[in-house]
Amino acid sequence: MTDLNHLERDLLTQVEAAGDEAALETVRVAALGKKGSVSELLKTLGAMTPEERKERGPLINGLRDRVQGAIAAKKESLAEAALEARLAAERIDVTLPVPEAPESRGRIHPISQVIEELTAIFADMGFSVAEGPDIETDYLNFTALNFPEGHPAREMHDTFFLAPDEKGERKVLRTHTSPVQIRTMMAQKPPIRVIIPGRTYRHDSDQTHTPMFHQVEGLVIDKQANIAHMKWILEEFCKAFFEVDQVKMRFRPSFFPFTEPSAEVDIQCSRKGGEIRFGEGNDWLEILGCGMVHPNVLRNCGLDPDEYQGFAWGMGIDRIAMLKYGMPDLRPFFEADVRWLNHYGFRPLDIPSLVGGLTA
Ligand code: 2NL
C-alpha cells in the first residue's frame with residue numbers, strides 16, 4: 001500500500017518536474033514503458049490469487065491511470081508553453097521594405113527618358129521620329145548641308161573620319177543628326193514634320209564635352225512654313241519640356257551654313273544658390289540653334305526653294321537633360337555606374353506622356 005503511494009508521489013513529482021517534452025518522455029518510459037516501474041507492477045497481477053488480484057488490481061490500475069493522466073496533462077501544458085514562448089520570441093518586422101516588383105526593377109537612363117519626353121511633346125504637335133546611321137558619308141554630313149570645302153568642321157581636328165574605302169571615300173561618324181533630315185527630304189515629299197534624336201560624335205573631350213553625345217534636331221518643310229511657326233513650336237516645346245506655364249525666349253542672330261537666317265535661342269531663367277529655374281527671373285540660358293533651311297540645302301535634296309520652304313533646329317540632349325534634372329557633370333552619363341543610375345535614373349513604368357503632365 002504505502003509502496004504504491006510512495007511510487008505514485010514519486011512519479012507525479014517527476015512528471016511535474018519535467019522541463020520539456022524530451023524529459024517527460026524519459027519519465028513516461030521509466031514508468032509505463034515495457035520495463036517501466038508501473039508496467040512491472042502490472043505484470044505481478046498475473047501471478048496473484050483471485051482475491052489478491054481483486055484487491056491489488058484496482059489499486060495498481062488506478063495508479064497507472066493517474067500517472068498516464070498526469071503525463072498527458074503535462075504534455076499539453078508543455079506544448080502550450082512552447083507555443084507561447086515562440087509567439088513571444090518571433091516578430092514580423094512590418095517596417096521592412098517590400099522588394100520592388102520585377103517589372104519596376106532596373107532604371108531607365110536619363111538620356112533615354114529625355115528622348116521619350118521629347119518624342120511625346122513633338123508627337124503631340126504632329127511630328128514623327130526619324131533615324132539614320134551613325135556612320136555617314138561626307139556628302140550627307142557636310143556637303144549637302146552647304147558646308148563649303150575647307151570649312152573648319154571638316155578638319156581631322158574636329159571630326160572622326162574612317163579609313164578611306166576602295167573608291168577613296170572617307171566616311172565620318174556623323175557630327176550632328178542633320179544628315180537624317182537630308183535623307184528624309186530626299187525620300188519623302190513635303191509636308192515634312194520630323195524630329196531626329198540620336199548619337200553624334202566630335203573629337204572633343206573635357207568636363208562638358210564627350211566624344212559621343214546626343215542631339216535632337218527638328219525639321220518642318222511645307223509651302224508656307226515660316227519663322228512664326230518655328231517660334232511657336234519652340235516655345236510650346238520649352239514650356240512642355242521644362243513644365244512651366246510661360247517662358248520668355250530670346251532669338252539672337254547667328255550663323256549656320258545650313259540655315260538663313262539663323263538664330264541662337266535663349267530661355268528665361270533664374271539662378272539662385274546654384275539652382276536654375278525656368279520661366280522666371282532675369283537671366284538667360286542658351287538652349288538651341290535654329291533657322292530657315294538654306295535654299296542650297298533644299299536644292300541639294302531635290303526640293304524647289306521657290307515652291308517649298310521650312311525651318312530646322314538642333315539642341316544637345318545631354319545638356320537639356322542636365323539642366324532639367326539638375327545633373328552637374330556630363331561624364332557619369334557614359335560611365336555605366338549603377339549607383340549614379342539608381343540616383344538619376346527613371347523607373348521603367350514612368351513612361352513620359354502629355355496626359356496628366358509630362359513627368360507626373
Ligand atoms: C545647334 C544648332 C541646328 C539645324 C541644326 C538643320 C538641318 C537641316 C537643314 C537646316 Cl537638314 N538645318 N539643322 C538648323 C539650325 C541649328 O543646330 O546648336 N545644335 C546643337
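Glycine residues also receive a Cβ, built from the backbone N, Cα and C atoms like all the rest.
Annotation source TrEMBL lists domain 'Aminoacyl-transfer RNA synthetases class-II family profile' at 112-332.
If you look up TrEMBL, you'll see Glu260 marked as Mg(2+) binding site. In the three-state DSSP assignment, the secondary structure recorded for Glu260 (Mg(2+) binding site) is strand. Listed in sequence order, the residues of the same chain lying 6 or more apart from Glu260 (Mg(2+) binding site) and placing their CB within less than 8 Å of its CB are Gly291, Met292, His294, Pro295.
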